Amino acid sequence: MPHKRAKRSVRERERSEKGHDMAPGKNSLRNEAIPKSAARVLNALKIREDFKAKKRQLGDTNDGRDGKRQKVDDRKKKEEKEKFPGILPGESLQHYNKRVEDSMRPLVRNAMKASLATIRGAKKQELEEKAAKKLLAQEKRQNEDDESSADPPPSLSSSKHAGKPKEFQVLPSSAPKRLNDIVQAPPEMIRLKNARRSSDGYAATNIGGKRDGVISMAQKQMMEAEREKAIARYRQLKAAKRKDGDIGGDN
């Protein structure tokens, strides 16, 4: 097995094949990268000599001034050049003002251009943001419209009362088929026999009409009371029938 130690004879044969006192391979510690901190310690003498040589070279080229002092002097000279020159000897104040204005004109022009460019960039960015927001709103509205058209919401009446008979069923014929068909049917208010007709053939009055004199208020109240009683009786019978049907279905 791989994790088991080989026999002594096998180990001695492999050792004789490999040999003794051979040069290190490419994966030896000598070829590994040394950290910078350790390299500074080991090469401290060489680093110091390089620094001295570099300093000596800078002293020869810059008249004994170091690099930092040279940078400071250069910056001071640049600032002095950028300052406006004073009035020259024998120069009038008018010529001096003109010379100062001529020297400042490019600076003012560049500043105005930079400010206008900044304003244009801000306006352009604002317009792009508005266009992006408008496009996103249109896409969102279109997606909502597509979803609403693809999946219409189910109506409450179709989902709640699906497969159930209506409250008032219409018989296929006028003749009743059972004894309780007339009792359980809703009441119907037929036209009175003694209703007057107008000259054009239409009924002049009916129940609940606008004209008075055909039916008195007492008769109307009695008919309304009888109608309410009939409706209540019909609903009571229907509820009892439905309850009996539910009990029979459970059995």
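Cβ atoms here come from the backbone N, Cα and C positions, even for glycine.
TrEMBL annotations: computationally assigned, not manually curated.
Residues annotated as compositional bias 'Basic and acidic residues' in TrEMBL: 9-23, 62-84, 130-143. The region 'Disordered' annotation in TrEMBL covers 1-36, 50-99, 130-183.
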Do you know the DSSP helix, strand and coil residue counts for the compositional bias 'Basic and acidic residues' (130-143)?
14 helix, 0 strand, 0 coil
Quick check on the compositional bias 'Basic and acidic residues' (9-23): DSSP residue counts for helix, strand, coil, in that order please.
10 helix, 0 strand, 5 coil
